[in-house]
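Data first, discussion second: the structure below is written as structure tokens.
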Amino acid sequence: MGEKMAEEERFPNTTHEGFNVTLHTTLVVTTKLVLPTPGKPILPVQTGEQAQQEEQSSGMTIFFSLLVLAICIILVHLLIRYRLHFLPESVAVVSLGILMGAVIKIIEFKKLANWKEEEMFRPNMFFLLLLPPIIFESGYSLHKGNFFQNIGSITLFAVFGTAISAFVVGGGIYFLGQADVISKLNMTDSFAFGSLISAVDPVATIAIFNALHVDPVLNMLVFGESILNDAVSIVLTNTAEGLTRKNMSDVSGWQTFLQALDYFLKMFFGSAALGTLTGLISALVLKHIDLRKTPSLEFGMMIIFAYLPYGLAEGISLSGIMAILFSGIVMSHYTHHNLSPVTQILMQQTLRTVAFLCETCVFAFLGLSIFSFPHKFEISFVIWCIVLVLFGRAVNIFPLSYLLNFFRDHKITPKMMFIMWFSGLRGAIPYALSLHLDLEPMEKRQLIGTTTIVIVLFTILLLGGSTMPLIRLMDIEDAKAHRRNKKDVNLSKTEKMGNTVESEHLSELTEEEYEAHYIRRQDLKGFVWLDAKYLNPFFTRRLTQEDLHHGRIQMKTLTNKWYEEVRQGPSGSEDDEQELL
């Protein structure tokens, strides 16, 4: 009846005007009484030509991104193929992005095409799609033994060191602005910039230490600090943005500091607790629900639990990055050992592949941004920021290293301190955070974005590119070791990751073997002893002999199937078979 009335209202009969006017008026009143007021649509629906244009634009954006990734993969392959190990992949990919940006600019200048929208980097895409796999993989591939044994030192570098660097850079920018040396920024904006620019890129850092063959504990200190540093930097930046959104005009500096500290502690520990809890729940679920005979379901459950803490944390105003980092560490330490061998390998390789694609995409678009980003370049601001970034890194590394040496058996030498300071490269996270800042006016936002791009490119291209000369300059070993190091140095992350499967992730210990190997050891202390005695047995499944037999059969079947396919391939030959064997 309501639909009929609406039809009468929309299409009045023009032949019987008098009757229909009365009927129309009555029906309009009735319609208004019966039909509810329509609410706003949940999502804006675009139809017709506008929807078609948006679909075409999205398709071109996807095509352009995939094309950039494909070219970058070929570039990385050429680096590995021709053994250009002295050149970090991030440097090569950023350089390629700059070259592609220049070509696109020439094409646009000649009016042959317009790819402005496709080459622009969207910060929301970075934080929702690209950053979570990078952070989760870094936590998942962590060597937990050394990490938990050095958790105190790692936390000191990651939390206090990053905070020191943020305060040095932010405070320096604020006071230089007040002295009219550079453009003025208020205190919260200065601290936000200092926080985002304090995030270091761990890839080149770890390549340096692997090349120097340093102590694995020291390697873990730097790697753990680099991983936690990203999450801490993001939380500090969110803290500064939260203070910006509040009215802080009537609040003293001490009260502002206390509010910032309270916000940071809630974000840090709340997000870490949420990620840890999610990881422990995933371990219990996959311990008591045996999905090992259906690897596709098992792998699907792992992917769900991997992204789950990020969405939940962001939904309740916590840090999704911090949550997904701790979830990755916990899932790797407990959940991973409840998986079948096939899913263990599949999970490692999938995470590495996705993280590589995400990192490559960000570095490529970083190079493209030189020509696509609306810049506001101020030479004095850029120079002072570079000086403050280097000084803030020094104030972070040297005092904390000397402090740690009082409590450590493995001392951090001055040579190592210098290399740690030199290897504080900035990468994808500062760039994306700078685009995500909500600063007014627009000129201030462009100034921060341009300065961040310059600092990132300066550290990646200049510091990253001079990594190999520095290693050779500071290599003071004997001649044989010096010659060996020249051959062994390899800054290709992809080649190293592709050549190995983490052995600690493929543990096949029965209940008796686990007890003999871990629980009866007398040298375990603190959290390591607690974990081996109570936590690990509670959250992980101890394998029976039948489980081990089934896992080995599964792996053998898959290996034989793959080998048969290789032998039957069109390019198979006896020489190839001998090489495989």
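Glycine is no exception: its Cβ is also placed from the backbone N, Cα and C atoms.
Annotation source Swiss-Prot lists transmembrane segment at 60-80 (among others), citing sequence analysis.
The transmembrane segment annotation in Swiss-Prot covers 84-104 (among others) and is backed by sequence analysis.
Per Swiss-Prot, the feature transmembrane segment maps to 123-143 (among others). The list of residues near the transmembrane segment (123-143) in space but at least 6 beyond its ends in sequence, with Cβ under 8 angstroms from a Cβ of it, reads 202, 220, 223-224, 227, 230-231, 306-307, 310, 320-321, 324-329, 331-332, 336, 347-348, 351-352, 354-355, 358-359, 361-362, 428-429, 432, 435-436, 502, 504.
As annotated by Swiss-Prot, transmembrane segment applies to 156-176 (among others), with the evidence given as sequence analysis. Same-chain residues lying 6+ beyond the ends of the transmembrane segment (156-176) with a Cβ under 8 Å from its Cβ atoms: 182, 185-187, 190-195, 197-199, 221, 224-225, 227-229, 232-233, 236, 268, 384-385, 388-389, 391-393, 395-397, 400, 403-404.
What Swiss-Prot records for 191-211 (among others) is transmembrane segment, and it gives sequence analysis as the kind of evidence.
Sequence-distant contacts of the transmembrane segment (264-284) (same chain, at least 6 residues past either end, Cβ-Cβ under 8 Å): 159, 231-232, 235-236, 238-239, 301-302, 305, 308-309, 312-313, 318-331, 333-335, 338, 539-540. Swiss-Prot lists 264-284 (among others) with the feature transmembrane segment.
The feature transmembrane segment is assigned by Swiss-Prot to 311-331 (among others), with sequence analysis given as support.
Summarising the annotation, Swiss-Prot assigns transmembrane segment to 354-374 (among others). Listed as Cβ neighbours of the transmembrane segment (354-374) (distance under 8 Å, sequence separation of 6 or more from its ends, same chain) are residues 65, 68-69, 72-73, 76, 89-90, 93-102, 104-105, 116, 119-121, 126, 129-131, 133-134, 136-138, 203, 427-428, 431-432, 446, 449-450, 453, 456-457, 493-494, 497.
Per Swiss-Prot, the feature transmembrane segment maps to 379-399 (among others). When Cβ-Cβ distances below 8 Å are used as the criterion, the transmembrane segment (379-399) is approached by residues 157, 161-162, 164-166, 168-169, 172-173, 176, 181-183, 193-194, 197-198, 200, 417, 420-421, 424, 426, 447, 450-451, 454-455, 458-459 of the same chain, each at least six residues removed from its ends.
Sequence-distant neighbours of the transmembrane segment (417-437) (same chain, 6+ residues past either end, Cβ-Cβ under 8 Å): 90, 121, 123-124, 126-127, 130-131, 134, 192-193, 196-197, 199-201, 203-205, 208-209, 212, 222, 230, 233-234, 237, 241, 359, 362-363, 366, 369, 389-390, 393-394, 397-398, 401, 445, 448-449, 452-453, 455-456, 459-460, 463-464, 467, 470, 474. The feature transmembrane segment is assigned by Swiss-Prot to 417-437 (among others), with sequence analysis given as support.
As annotated by Swiss-Prot, transmembrane segment applies to 451-471 (among others).
Per Swiss-Prot, phosphothreonine is recorded for Thr510.
The feature phosphoserine is assigned by Swiss-Prot to Ser571 (among others).
What Swiss-Prot lists as phosphoserine is Ser573 (among others), and the listing cites a large-scale study or a structure entry.
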